[in-house]
């Protein structure tokens with residue numbers, strides 16, 4: 001097996017959309033039912049995708065709102081972004097658009113690995129954002145999209161596998177686009 005690659009992934013979104021729950025479900029395989037606002041946590045996990053081992057460093061961020069100042073640390077050495085909203089919250093869906101805009105302003109690249117995640121899909125009766133709305137938003141950003149339920153462990157692993165694939169796809173396109181020049 002080739003040497004493992006390190007990847008740093010930031011998880012961003014409005015408060016109480018399930019960023020920490022999704023991350024803990026992926027890393028530890030358990031759902032944390034209590035809400036304890038995150039300041040910033042970092043988790044690590046080894047995962048194999050397409051025969052390649054990845055050492056993931058997951059930056060679970062504090063919830064942002066439309067007025068939050070986007071910390072510059074969220075743009076340094078990050079290989080991919082998981083933007084999370086709750087399918088039960090119009091506010092979180094609107095705020096994720098603002099966060100995306102701030103992210104593009106900070107990073108300065110139009111093509112960055114982004115995974116849009118509609119979380120809490122298990123709360124059928126409280127749903128206010130349709131699957132189609134989430135998918136359309138992701139397509140407008142040229143981003144990957146999945147809905148998830150951290151509580152029911154639906155697609156938590158898929159979310160993190162997919163962001164790795166998105167990062168590798170963009171890294172591959174960047175390295176293919178590179179040209180070299182030799183001065184003799």
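Even glycines carry a Cβ here, placed using N, Cα and C.
Checking Swiss-Prot for motif 'Effector region' across the ranges 17-25, 26-34, 35-43 points to 35-43. The two recorded residues, residue 16 (GTP binding site) and residue 8 (ubiquitin cross-link), show a Cα separation of 22 Å. Considering only the recorded positions 8, 119, 130, 150, the residues lying within 10 A of residue 20 (Mg(2+) binding site) on a C-alpha to C-alpha basis are 150. Cβ contacts within 10 Å of residue 130 (phosphoserine), excluding its own Cβ and spanning all protein chains shown: 12.
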